[in-house]
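Noted in TrEMBL for the protein shown:
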DOMAIN    18-121  domain 'Ig-like'
DOMAIN    126-215  domain 'Ig-like'
TRANSMEM  223-246  transmembrane segment
REGION    258-327  region 'Disordered'
COMPBIAS  258-267  compositional bias 'Basic and acidic residues'
COMPBIAS  271-307  compositional bias 'Polar residues'
Amino acid sequence: TRSLTITSGDQSMFEKAQGEKVTLPCTFELSEEDEGPLDIEWVLIPADNQKREQIIIMYAVDRVYNHYYAAMNGRMQFTNLDPRSGDGSLDILNLKAADTGTYQCKVKKAPGVQSKKIQLTVLVKPARTKCSIEGSQEIGKDVTLKCVSQEGSPLLSYDWRRVSGTHELPATSMLNKNTGELLLKNASREYSGTYNCVASNRVGMDECSVELNVTPPVNTAGIIAGAIIGTLLGLSVLCFLIFCCCKKHREKKYEKEVHHDIREDVPPPKSRSSTARSYIGSNRSSLGSMSPSNMEGYTKTPYSQVPSEDFERAPPQNPTFAPSKVAAPNLSRMGAVPVMIPAQSKDGSIV
């Protein structure tokens, strides 16, 4: 008995780049014996056998059902709007790396049943490729040019070429296509120029450039000597500033001590009015204890005269101890004769 057959060919593996479109073929022919309803299913077979197959799109009872697989909503459709014509191929738009997997097309029309598996691999093109230089760019040194793509599905291949000059890599260069490293041994001034790196895989390529400038060795001894001299000069200036600050601080401290000593040693001057009062008071006390015979001499001293500063600042006398209190003797008991002190009347006669 003759039944339906899938006629889409023997191609069972497809490689596409991310963002592109792929058409997974699934064409078939029906036989006269196939009289049942037509069913077409596309399922995704997981890599882990423990998981169940996932239906992604289905045609049944003259209707399309495409809401089973949320990861591809809006990105998949039947190639032919009417699969009954014998074309059940599937279009997947805007491919993503996660779309990589095994897809199976199942065609059913009782009593005939047929299926076909297709392996889809979504590759990522190389992107964001960066070039760099590792090592000292000096004559006689080894220099390494590096090239790395931030994106891209393996296996990536790297290739270097020289853009300027002879367009040929130096004779001493060593290229690693897998890592993207180009080693230039014993670099010379002729190695200077622009170098270009191309990163590629089966679905695309990307490139970057770097400028190499080989220069004579730097005078390391001169740099070290200059650094030492600069350090010594800096230390000398710092020591000089510290010395000046300390000297200024000592001078200020000395001025404060001398000023304080002068204020403590010199007593404040007395006012002339207080000197005059003390002088007059002392004369009055002397007059009160004098006899009339001595009054004449003291009355001639004018009270208006004020002692000078020299008189006031006479050196202090040595302190004397106060005499002890002794009772005055009774003159009457001792037989002493009282003495009458003469006095002068208003007319000048002695009384």
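For all residues, glycine too, the Cβ spot is worked out from N, Cα and C.
Using DSSP to sort the residues of the domain 'Ig-like' (18-121) gives these counts of helix, strand and coil: 9 helix, 50 strand, 45 coil.
Summed and averaged per residue, pLDDT over the domain 'Ig-like' (18-121) gives 92. Note: the domain 'Ig-like' (126-215) comprises 3 helix, 51 strand, 36 coil (DSSP; helix = H, G, I, strand = E, B).
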